[in-house]
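Worksheet: the structure to be examined is printed underneath.
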Amino acid sequence: MSRFARGITIVWVVLRYGLDELVLSTFRQPWLRAVTRVITFGRKLDAPRGQRLREALESLGPIFVKFGQVLSTRRDLMPPDIADELALLQDRVPPFDPDVAIATIERAFRRPIGEVFVSFDRQPVASASIAQVHFAVIRDRQGHAREVAVKVLRPGMLPVIDKDLALMRMMAGWVESLSADGKRLKPREVVAEFDNYLHDELDLVREAANAAQLRRNMQGLDLVLIPEVFWDFCHAEVLVMERMKGVPINQVERLRSAGVDIPKLARDGVTIFFTQVFRDGFFHADMHPGNIQVSLAPETFGRYISLDFGIVGTLTEFDKEYLAQNFTAFFRRDYKRVAELHIESGWVPAHTRVNELEAAIRTVCEPYFDRPLKEISLGMVLLRLFQTSRRFQVEIQPQLVLLQKTLLNIEGLGRQLDPDLDLWSTAKPFLEKWMLDQLGPQRLWRELRAEAPHYAKILPDLPRLLHDFLRQRPHDNRGDLQELLATQKRTNRLLQSIIYGGLGFVLGLLVMQLFVRVRIF
């Protein structure tokens, strides 16, 4: 289908499902709304707007369904009724012909499939818009037979994606220029985010690298299993990983009858997430029930099994500090500190007044404290902060929006397993440990150790550099020599002060830790 024909199809779907009312209601051009009313005269729309939007996206195909799923995570931009409805979108499409999958594998490895796998199940076990999964058996480097899951990219996806994305970018430009809410909704930003998301999913080597990183990070935590990646069998269009066997986490009664401790399972999920966030700064960002199973094997009984690593989040130390300090300030009801943190982040316009931002944050956050602490949703706290920040033109970073979406998923899953789950009591030790690591002597020692090779490299060179400098200067220029010696003395005094001050600081912290237990509040 040509781009023009596809554009006509999209316009027809928009009018059929009444999305013109949803979009044009904020347009500043009265004539545009008038023309649309004439075209759609006599149309009856009974369904709510969120349902109509969901059905329209489903009718436009899998790429638009995925776009709706991404929109559902941007609750800082979307009204709640629309975000809730879009969250119901399912990325389910009929599987493509197994012969096509086999041809893709043979093209990737340049040999017959019988030489790649010991056996290959033609019937796919899962299918989505981007890829489908088959089970197979390989021989690893040691010659052992291993059961694997083979993810094969759906052929011909890139041209379709690029065509639909070009239309989305064009429509986003129209909305941003014509709508009164265009700048606030940032449609171009959302489409660009979706563009990156889709192209990341199209690279299965990238997904394999994500899985390998998570597996390495989680090796010391006996709560979660990450499948092994078989790199000899991976390609941009084919991903081969260890086959994992477990029970889907939403089959709670089956897990309970098997003897799994359900409340512990809920707490373990939160522990896994906060370990990935605050210890590793690298987290699985697609933690919906379809990607999580629970092992019933005797040696790994009750552990989580994570699947599908196409979407991950990465946090810097600055991001982690922003999160930790915002959460702790929120639970202290220190709204001024929350406002200051937003301004210190550098994401706020320079003219923003702290007291105005503080008042807005107080208005949004204070009602939470009418309920028990265990009922407070950390994901909703972040969401409300982001929504308030948007009013002040704060540029919320994409990785934090991704984290907020994942946190909401984790909370929802945890409370589905255990309605009495106290998320804050589980998260608090991670925040305390992270704050202690940032403020305590461990951080100073880490920084000194990290810089030691640099100091060791330059210190032996200082006498030679000084000698070379003096030789290059005229012998009668004693003023420069005196100035250099004076500077050297000042530098020596400064270094001594830093060393003595650092030792005093470390000793003071050690004494403080002996007599005072460090707590957030």
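Placement of Cβ uses the backbone N, Cα and C atoms for every residue, glycine included.
Among Lys151, Lys163, only Lys151 appears in Swiss-Prot as part of the ATP site alongside Val125, Ala126, Ser127, Ala128, Ser129, Ile130, Ala131, Gln132, Val133.
Looking at the stretches 13-33, 496-516, the one that Swiss-Prot records under the feature transmembrane segment is 496-516. In the three-state DSSP scheme, Ser127 (ATP binding site) is classed as strand. Just so you know, the Cβ of Val125 (ATP binding site) picks up 13 other Cβ atoms within 10 Å once every protein chain is counted. Taking the domain 'Protein kinase' (119-497) as a whole, pLDDT averages 82 in the prediction.
Remark: Asp286 (active site, proton acceptor) has Asp308, Phe309, Gly310, Ile311, Thr406 as non-local neighbours, by Cβ distance under 8 Å and separation of at least 6 in sequence.
Cβ neighbour density within 10 Å is lowest for Ser127 among the binding-site residues Ser127, Ser129. All chains included, 21 other C-beta atoms sit within 10 angstroms of the C-beta of Val133 (ATP binding site).
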